[in-house]
Amino acid sequence: MLFKITFLGTSGTIPSVERNSPAIFVQFGGQRMLFDCGEGTQRQMMIAKTGFRNLDNIFITHLHTDHFIGLFGLIETMSLNERSRELNVYSPRAEVLRALFEAFGYDQLNYDIRVRELKDGEEVKFDGFKVVAFRTEHIVKSVGYAIIENDRRGKFNREKAEKELGIPPGPLYAKLARGESIVWKGRTITPDMVLGEKRRGRKVVYTGDSRPTKRTVEIARNADILIHDASFKEELKDWAIESGHSTAKEAAEVAREANVKKLILTHISTRYSKDASPLLEEAKKVFENTIIAEDFMSLEVTFDES
């Protein structure tokens, strides 16, 4: 199942020529989701060719305008494009969004908008994966989101099937590998007889704007990718604390403690718009497998077969 991330906006509070306001587009199988929706997100979607038609779920981390103001134009464009399917919007402050949508007359669109509040530990389930909200530490009420794939079936043990159970290669192998029981020579063969231990599904964690927290470390444990706020260098740590953000070094420390496979730094302050290498260098001293998010950067989350 394809699990693909596209960064639509990677700037901090203020957009720049190089970086748009925060937004991440995620495709997981047949689901298309948006995480945050800053100013100009719909145009970024047009450039990236993500499409609007199959976008049914938008997850907002907090209600600072650089993370949600792009919702309004996107919602109206969907209506003008004759959308009829319900749109789900998730946020840590549902009542505020409901009031704004009502004020903008969005109760009269040709489709319904369902706003749901998500608190720490609450989840939204999809086919094969779930999105879990987790508490973050910002200057307003905020959450991050973990995209967690269901555990996968274990690897098929061909040698055991053929030599120990006497099942010849062929269609029966495929059924067992899919988790289906079969009958061979009057005996029922269940998948657990030929499959190894379940394999952990893929996991991507996005903090939104946040200080480094134990909760982030906990939910990001062994994640394939951690996308973490890295607004400033360590020399501006006092300002990071005051404004509810993280330094690149702090993001790397979270990644190291959580034992993630890859760290992606985002929410890059305009101080570093033209050259974010100082942030990258700072983070790599703590956690080597770190990259800086760039607008329109896409990557596929692959299976770890180790």
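Backbone N, Cα and C atoms are what each Cβ position is placed from, and that goes for glycine too.
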Practice task
Among Asp192, Asp209, Asp224, find me the residue Swiss-Prot lists at the same Zn(2+) 1 site as His62, His64, His138.
Solution key: Asp209
Problem - Residues near His67 (Zn(2+) 2 binding site) in space but at least six apart in sequence (CB under 8 A) - result: Ser21, Pro22, Asp36, Cys37, Gly38, Ile60, Thr61, Gly208, Asp209
Handout entry: Under 8 Å by Cβ from His62 (Zn(2+) 1 binding site), same chain, sequence gap 6 or more
Key = Ser91, Pro92, Arg93, Thr136, His138, Val140, Lys141, Ser142, Val143, Gly208, Asp209
Practice task
Looking only at C-alpha atoms, tell me how far Asp66 (active site, proton acceptor) is from His267 (Zn(2+) 2 binding site), rounded to the nearest Å.
Solution key: 10
Practice task
Please determine which of the recorded positions listed here (Asp66, Asp209) has the lowest count of neighbouring CB atoms within 10 Å.
Solution key: Asp66
Completion exercise
Taking all protein chains shown into account, the Cβ-based neighbour count within 10 Å for His138 (Zn(2+) 1 binding site) is 22
